[in-house]
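According to TrEMBL, the feature transmembrane segment maps to 20-39, 78-97, 117-135.
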């Protein structure tokens, strides 16, 4: 969504104050979406229907029809917060260093800090990729394919 709307909202880098406000709102909403999706999961009920919910400390806070599945297996973990943090960091780097965003919010930065604009995204990507290897994501939230209820994640440890 960001890649689609950013050029339009930034007027291809030639921003008025209204463009800056709209682009800021877009970046905030997309950043929130990156973080929020790390705290969602899905399960299949006895009838094979996929249900989505939000992870909590007690388990999954679901939609209706969750009687046939043990939702306490889907507890909130430390890894969920790590994924949310690094997902937002990756999005922030990519969105704030996008050429239209740079030209809109800080146009002189592009000419003076060209090396940073080129080097920072791969560095953040490598660091985040390494962290994602240490904390693998077992969630199948909104936008991800679901697993059957028998394949529910084993969330007994807080390590991941």
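Placement of Cβ uses the backbone N, Cα and C atoms for every residue, glycine included.
Small disclaimer: the values here were computed from a predicted structure and weren't measured.
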Remote residues contacting the transmembrane segment (78-97) - C-beta distance under 8 A, at least 6 residues beyond either end: 2, 6, 27, 30-31, 34-35, 37-39, 55, 105, 117, 120-121, 124-125, 128, 131-132, 135-137, 139, 158-160
For the transmembrane segment (117-135), distant same-chain residues with Cβ under 8 A (at least six beyond the ends): 78-79, 82-83, 86-87, 89-90, 93-94, 97, 102, 109-110, 160
